[in-house]
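Colleague: My structure is below; once you've seen it, I'll send some questions.
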Amino acid sequence: MERLAGRIILLSGVSRTFVGFLAGLLAVLAQPPFGIFAAAFVSFPVLVWLIDGVAPDPGDGLLRRLMPPAAIGWSFGFGYFLGGLWWLGNALLVEADAFAWALPLTVVGLPAVLGLFYALAVVIARSLWSDGWGRIAALALGFGIAEWLRGFLFTGFPWNAIGYAAMPMPLMMQSASVVNLSTINMLAVFVFAAPALIWTGKGARAGLAIAAALFTAHVAFGFYRLAQPAPAPLQPEMTVRVVQPVIDQAKKLDDRERASIFEDHLSLTAAPVQDGAKRPDIVVWPETSIPFILTDNPDALARIADVLQDGQVLVAGAVRVEDAGAGLPPRYYNSVYVIDDRGQIVGAADKVHLVPFGEYLPFEDLLTSWGLSSVAASMPGGFSAASTRPVLTLPGGRRIYPMICYEAIFADEVDGNARLADALLNITNDAWFGDTPGPRQHFHQAQLRAVEAGTPMIRAANTGISAVVDARGVLVVVLGYNYRGVIDTILPGKLPTLTNIATRSQIFWLTTGILFLVAAISRLGFNIRKN
């Protein structure tokens with residue numbers, strides 16, 4: 001292995017870039033649906049050795065010194081995001097006549113852009129690089145900053161953050177109840193990269209001991225927390241039915257199918273309860289499951305009232321339209337409705353975090369002049385974004401915190417208001433992406449939000465994966481991908497949070513400071529020894 005490390009260190013030019021790409025591609029295997037945890041323990045040491053091989057000439061200008069580490073980081077990121085996000089292209093094939101031209105931009109262009117974040121990560125790391133275990137701290141620092149920025153710059157896209165690879169199952173998710181994803185990103189990179197010290201690096205014992213301690217604490221805390229009694233059912237008990245209709249996206253886009261789609265949802269809503277289950281108090285339909293503007297269809301509301309039993313509530317995704325005033329086109333919102341047993345809309349919440357190019361077109365005036373449009377181009381201006389996300393109060397007083405579609409991948413979306421709710425709600429339609437890694441990755445990331453908030457999650461997905469997840473991230477009941485049907489269960493209760501959002505943010509910045517100090521001191525010592 002030492003010989004292999006030496007060969008990787010000596011690589012240069014295209015060979016070094018290609019190995020960086022392969023290392024990033026390998027790292028994808030640590031994410032769902034593969035969950036091959038060991039892959040990260042190979043890919044990140046390779047990245048360390050590639051950076052070890054960068055020896056810029058002090059006489060070079062700043063740009064020439066930055067290019068080699070930036071190229072390594074970008075190639076690693078390009079491989080990682082290409083291997084992890086290729087399935088986004090499926091959405092463009094649903095209406096291939098209109099959007100197939102954009103496949104290269106989505107499948108190759110987006111990973112190329114996202115790779116710039118990892119280029120920054122490696123540039124930061126290389127500026128603090130040394131020959132000891134401090135360089136592992138430098139790499140963790142660089143990735144921590146890059147992933148933090150990826151979470152909010154340009155609307156944010158923290159999909160497949162490195163930290164998720166360290167949390168493949170509920171046993172290893174419990175740290176998210178103490179620290180935020182940004183902190184886990186940093187510590188995960190430290191642990192994943194530490195094996196590089198076995199063959200190359202001074203102070204290997206110290207670095208490996210810290211990594212082993214972090215990994216042991218991560219797993220041991222999971223064992224401890226899952227050994228505690230499971231959250232008791234919410235009192236008074238509330239039985240939830242989640243509907244998973246499995247409707248092909250092409251059918252959803254066909255206006256002629258609207259009535260049959262609506263009736264399909266109603267038939268699943270009225271299906272007999274499963275063995276041992278109580279009559280549902282709340283029925284949940286997926287995102288955009290109501291295939292028309294509900295407020296323009298009183299007959300549809302009457303049909304819902306016919307199907308719902310006394311006291312039942314329907315929570316369903318739909319497009320909501322709002323009059324914008326004289327002479328202006330109406331505003332459309334991707335929304336969730338609360339409908340009571342009389343067919344009355346008694347609550348609604350609109351999506352806050354829209355998907356660029358999917359639900360709206362950034363720089364619309366400029367890009368439409370170039371002939372571009374969003375997937376939601378059938379609505380003038382696309383969807384509008386809500387400014388706030390309310391906690392929805394259901395008839396009877398129960399409260400839910402709605403997250404529509406990919407809003408559930410943003411850890412920061414689960415703010416203090418989420419703790420006011422009895423349950424998190426995630427409704428989505430992943431039929432756009434077909435039977436690919438995308439829906440599995442989406443579900444895994446949503447699952448973590450329940451752990452962070454200490455609050456159970458109800459998840460309804462058109463084609464799957466639908467589930468009820470308890471406050472520890474444990475699946476209470478689940479309906480796998482492409483299985484049509486319903487799931488009925490009693491909603492579990494909440495758990496006390498061990499730290500609040502402000503404390504988790506403070507821990508992140510404290511960890512950032514510690515890693516910087518370790519890397520900077522190690523770098524200083526390296527410079528002194530070298531001179």
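Cβ coordinates come from backbone N, Cα and C, glycine included.
Annotation source Swiss-Prot lists active site, proton acceptor at Glu287, citing sequence analysis. If you look up Swiss-Prot, you'll see Lys351 marked as active site. Among the features that Swiss-Prot reports, active site, nucleophile is placed at Cys405. Here Swiss-Prot flags 243-493 as domain 'CN hydrolase', drawing on sequence analysis. Among the features that Swiss-Prot reports, transmembrane segment is placed at 8-28, 34-54, 69-89, 105-125, 136-156, 178-198, 206-226, 507-527, with the record citing sequence analysis.
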Colleague: Test the contact criterion for the transmembrane segment (136-156) and the transmembrane segment (34-54): 3 or more CB pairs under 8 Å, pairs 6 or more apart in sequence, then answer yes or no.
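Modeller: Yes, these stretches are in contact.
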Colleague: Could you give the Cα-Cα distance between Lys351 (active site) and Cys405 (active site, nucleophile), in whole Å?
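Modeller: Lys351 (active site) to Cys405 (active site, nucleophile), Cα-Cα distance: 9 Å.
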Colleague: Considering only Cβ pairs within less than 8 angstroms, which of the stretches 34-54, 69-89, 178-198, 206-226, 507-527 has the most against the transmembrane segment (8-28)?
Modeller: 69-89
Colleague: So, do the transmembrane segment (34-54) and the transmembrane segment (507-527) meet, by the test of 3 or more Cβ pairs under 8 Å (sequence gap 6 or more)?
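Modeller: Taking Cβ pairs at least 6 residues apart, the transmembrane segment (507-527) and the transmembrane segment (34-54) are not in contact, as fewer than 3 fall under 8 Å.
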Colleague: Mean pLDDT for the domain 'CN hydrolase' (243-493), rounded to an integer?
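Modeller: Taking every residue of the domain 'CN hydrolase' (243-493) together, the mean pLDDT is 88.
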Colleague: Cβ under 8 Å, sequence separation of at least 6 from the ends of the transmembrane segment (69-89): give me the contacting residues as numbers and ranges.
Modeller: 16-18, 20-28, 31, 43, 47, 50-51, 54, 103, 106-108, 110-112, 114-123, 125-126, 142, 159-160, 433-434, 436-438, 441
Colleague: Which residue among the active-site residues Glu287, Lys351, Cys405 has the fewest other Cβ atoms within 10 Å of its Cβ, if you could check?
Modeller: Glu287
Colleague: Do the transmembrane segment (178-198) and the transmembrane segment (105-125) come together with 3 or more C-beta pairs under 8 Å, pairs six or more apart in sequence?
Modeller: no
Colleague: Measuring Cα to Cα, tell me the gap between the residue listed as 'active site, proton acceptor' and Cys405 (active site, nucleophile) in whole angstrom.
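Modeller: It is 7 Å, counting Cα to Cα.
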Colleague: Would you mind pulling the DSSP three-state label for the residue listed as 'active site, proton acceptor'?
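Modeller: DSSP assigns the residue listed as 'active site, proton acceptor' to coil.
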